[in-house]
């Protein structure tokens, strides 16, 4: 179903819908709720109810050329391009070149099909086709990973040369450890040279990455837990990857506090602005002033509406396991970034590494929203979303590639004190889980049953006193006498 069909219910309201104010109960005007799955963070189709964390949206229902389906147009252009290649272009006698071009053409045809025909996700800005494009890219990337997984280690690494001839060569990892003095008195020219050496291009990348992750997760506690946990993982795995060997102040001051912490802070401020923003949309040609038109174009790159994520991990065992699973997948995806370039011999600054990060930025937000809907509203969302499913499959496949291509590195035993720390942490988490969701619940349920029994007994005694004027003890005594007479 295309956008014009989904929004047709709001067109009859026109501009009057924008002038209508919300009712005292907090509900949106009738007919103005857009279907969930078509307009970002919108309520589900066929229901007038919104979750308490969803924002109200006012839309005049304008359906312009920009939002209409163009399936026939895309098909015509695609057919013309294929016809030109077939009839007018001479095929080169280069097998490798033709193979590359054939693969690229196949991918482009699949992307054209997916952008026009795939099912819409939960986001619609700047355009639903944008998110359908990344969904199809997810499928292509997963198929590529499956292909790499089924190659031998040598063939898989050499296959990367077809993408970039400079790949397929073993590269040494940079060691970020070494001299960890913040102030080096032995270097009179620049005593702070150790600090300046660590300030490379990855510092702004850390900040921007955690800013975007905060917009995906929408929770300060989960972001801080993932940030700190990853630093512990770097400590634990520095014997496997030299890239993880960093100074203590690089871990906790530059990473956790400055880069990650400031990125999370800015992300939370942005989330606060998005949650308070008024989501009131008009068609571009319905806005009279040029300033208003420019502002409307800029807001096209903001969400259609907003949902505040309330993960509530301690509210139930299901939500607790879901949050733990999300944290685990996040950490695994972060580790895959370092291990993949290590086993496939890609330098950290290679454009493929950057493209993978851009890919996860675009698909991660959609995946998190689908996971939250599946966890928070299981009656409406009966299955996991398509993008969330693909992100999980991609993360697992990447890890399997790492396991196959370099099992020796992964099986290097952890130092004894690190093993003890992880065992202790796992025991504490399991102990808290058992206490919170089993022992505590059983205890509270038993106390509630006792309280209800006492209230019931009190009400019964009260009714007896009000009914016949006799005390409960006297009633018991009379009952015993009757039993004796019968005997």
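The backbone N, Cα and C atoms fix where each Cβ goes, glycine too.
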Item to check | Which range of 184-201, 202-219, 220-237, 274-291 is transmembrane segment, per TrEMBL | outcome: 220-237
Checklist entry - Any idea which of 153-170, 297-314, 351-368 is down as transmembrane segment in TrEMBL? => result 351-368
Next on the checklist: Suppose I define contact as three or more CB-CB distances under 8 A, residues 6 or more apart in sequence; do the transmembrane segment (320-339) and the transmembrane segment (388-405) meet it?
Outcome noted: yes
Next on the checklist: Below 8 Å between Cβ atoms, which of the listed ranges 249-268, 351-368, 388-405 makes the most pairs with the transmembrane segment (130-150)?
Outcome noted: 388-405
